[in-house]
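Down below is the structure, laid out as structure tokens.
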Amino acid sequence: MGTTTTFPPSAVSTTSKWLGFVAAVWIQCISGNNYTFSNYSDALKSLMHLTQLQLNNLSVAKDVGKAFGLLAGLASDRFPTWAILLIGSVEGLIGYGTQWLVVSQRIQPLPYWQMCVFLCMGGNSTTWMNTAVLVTSIRNFRSNRGPVSGILKGFVGLSTAIFTTLCSALFADDPGSFLIMLSVIPFAVCLTGVFFLREILPVASADADAEEVKYFGVFNVVAVAMALFLLAYGFIPSPSMLVSRVFVAVLVVMLVSPLGIPVYSYLKGSFGEGNDVEGQRVKEPLLQIPEKENEAVAAEIVKRVPVVGEEHTIMEALRSVDFWILFVSFLCGVGTGLAVMNNMGQIGLALGYPDVSLFVSLTSIFGFFGRIISGTVSEFTIKKAGTPRPLWNAASQLLMAVGYILLAMAMPGSLYIGSILVGMCYGVRLAITVPTASELFGLKYYGLIYNILILNLPLGSFLFSGLLAGILYDMEATTTEGGGNTCVGGHCYRLVFVVMTGACIVGFFLDILLSIRTKNIYTKISMSKKSLATSNRQ
């Protein structure tokens, strides 16, 4: 009879946690399809003979799908991760698959209201994917929420560039082929993710925390290399078929390479140093209260309304002033950013760029840099100095305002700089707000709290893209044959950018206010992390 080799349970569970995070990265790489509307919006506009306002309202319908993300938030507390992923993948297959049938002219254009429904389904599909990934990953890596958010949101930012450059490399930017990728690839990746992504109780150990930081560094390196690779390909003039296929092959290798981390973790835990933290998995509180104070404050915590930094129910969070400060400041940042992304095709045409694929990629790639850098750096500054995370949101609002001023001026090259600044600051807002919400209001109901904040995406899209940009553009545009309209020149979007600059300034002051109100919370978080590190060294 053969012998059976047994491995430490901690090695297996740690490996499963990292394998799940790799699956989460893959899912995020394909869940940014909601930001790619400008890649096929012109095809929809010409096929359906739409005005700019009608086209913008289609993009709003896509973003309204995120409003139904509340369903994903509610489900995340009641159903396993695999079920959440499966729902999102099937919904995306139907939503984007129907759009492909229309754009590829395999069926006649559907009535306008039906197209709104299918775009809404496509938009809603990503909320299920993002909820499953973010809630599970932040719970698995509670001590490093900033890097987790930055990496995952960073790969969402890269997903637009991944889809755009894949379509350019393989299908010469054909919008029909682009849509078939948006429908099939996310479905296949989510089916893979259902087997690996699940919640695992964290380990309370400085050694485990240090190991996580090291592995997250590897993910950062891979992500940055991928971003630079995608950026370089975007600047190659008319690449040959051979160059395009080599690009695709290298990109696939980069996407697969993070699998080395769970493999290394498994081998290290099974045959290497072992793991001295086995059996120490605990549910870490949001803010660690010193043991001597636990009994003294336990009754008080039960009786009183929680303050920021403690676990909140949904109603307690909604009654908090800090929640609404975070909500409105988030609206000012992501709402205006979405207006640029949704209208990039028409902004490019107005400024003399018929092909906007490069600007879409620039927005996506620098959105990635904003997410991944802000997530890691904000975590570092919290540990070292207790710097409130919302301060990074405030900085991003100012930079975003500068980007809108440049776009309003419509100088030569302003669309390049504006795309970079808007994309980067939009990425910072997403990466910073995700862990901020968990730190201020807790993880118990985080799935629903996150999706309430994400309501800002459809709300912001409606206010800044559907109403502001759509109405002001149509005021400047001239009617074309067939019932559509067009506008060429810097004046087409100038007033839009001026108004959005004002919104960013409002958001800046709100973020400063939230930073002041939460300074003590981040000081406590910093002291808690330092205390854990000190106790483990002793």
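Quick reminder: no glycine exception, Cβ is built from N, Cα and C everywhere.
Features reported for this protein in TrEMBL:
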DOMAIN    17-263  domain 'Nodulin-like'
TRANSMEM  79-100  transmembrane segment
TRANSMEM  112-138  transmembrane segment
TRANSMEM  150-172  transmembrane segment
TRANSMEM  178-197  transmembrane segment
TRANSMEM  218-236  transmembrane segment
TRANSMEM  242-261  transmembrane segment
DOMAIN    310-522  domain 'NFD4 C-terminal'
TRANSMEM  323-341  transmembrane segment
TRANSMEM  347-370  transmembrane segment
TRANSMEM  448-473  transmembrane segment
TRANSMEM  493-514  transmembrane segment
What stretch of 79-100, 112-138, 218-236, 448-473 shows the most Cβ pairs under 8 Å to the transmembrane segment (178-197)?
79-100
For the transmembrane segment (347-370), which recorded stretch in the set 150-172, 218-236, 242-261, 448-473, 493-514 gives the largest number of Cβ pairs separated by under 8 Å?
150-172
Residues sitting near the transmembrane segment (218-236): Cβ under 8 Å, six or more positions beyond its termini, same chain?
21, 25, 147, 151, 154-155, 158, 161-162, 165, 169, 243, 247, 250-251, 254-255, 257-258, 260-261, 357-358, 361-362, 365, 368-369, 372, 376
Quick check for me: are there 3+ Cβ pairs below 8 Å between the transmembrane segment (112-138) and the transmembrane segment (448-473), leaving out pairs under 6 residues apart?
yes
